[in-house]
Amino acid sequence: MSDNKHRVTRRQFLNYTLTGVGGFMAAGMLMPMLRFAFDPILRETAGTDMVAVADVKEITTEPKRFDFKVKVKDAWYESEEPRSAWVYKDEKGDIIALSPVCKHLGCTVDWNTDKNNPNHFFCPCHYGLYTKDGTNVPGTPPTAPLDRYEFEVKDGKLYLGKAKPRGEA
């Protein structure tokens with residue numbers, strides 16, 4: 001055996017120790033940051049975007065406004081956003097769910113509030129008019145019909161999804 005053993009000097013020991021401790025500290029700081037950055041990508045989303053709004057029994061041929069809340073996720077921030085819909089049954093008994101957002105400048109339309117134009121959706125901001133099925137009346141400010149909500153009926157309840165544009169009139 002040789003007397004030439006490999007000895008660690010004090011300087012090397014401190015260097016190894018500080019490097020190890022620094023590495024653990026850096027990992028401790030980086031792990032939460034990485035989890036924060038990648039969590040939305042790795043998290044599973046909800047199975048459906050449909051929200052229960054009303055009992056089908058409540059829906060008549062007269063448009064009725066239903067207010068509801070939708071869970072919205074903006075990156076890491078989750079909130080409940082209030083929404084509303086004008087819902088009625090047409091002559092065939094089919095359910096129609098219209099967005100109340102005017103296609104002119106985004107004001108809220110109301111049903112049957114303009115005395116000069118009964119049985120129309122009316123936007124009081126700029127006097128926009130829509131027929132009962134949500135079609136914009138020519139000669140008024142709106143440039144497109146009201147959006148329609150996706151919907152499904154399940155167990156006697158009406159579920160609404162996203163509002164879909166219907167295009168130019």
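Keep in mind that glycine also has a Cβ here, set from the backbone N, Cα and C atoms.
Within the set Cys102, Cys107, Swiss-Prot assigns Cys107 as the partner of Cys125, by disulphide bond.
When the binding-site residues His104, His126 are compared by the number of other CB atoms within 10 angstroms of each CB, His126 has the fewest. Report note: the [2Fe-2S] cluster site is defined by Cys102, His104, Cys123, His126, and the residues of the same chain whose CB lies within 8 Å of the CB centroid of those residues, excluding them, are Lys103, Leu105, Gly106, Cys107, Val109, Cys125, Tyr127, Gly128, Thr140, Pro141, Pro142. Other Cβ atoms within 10 Å of the Cβ of Cys123 ([2Fe-2S] cluster binding site), summed over all protein chains shown, number 27.
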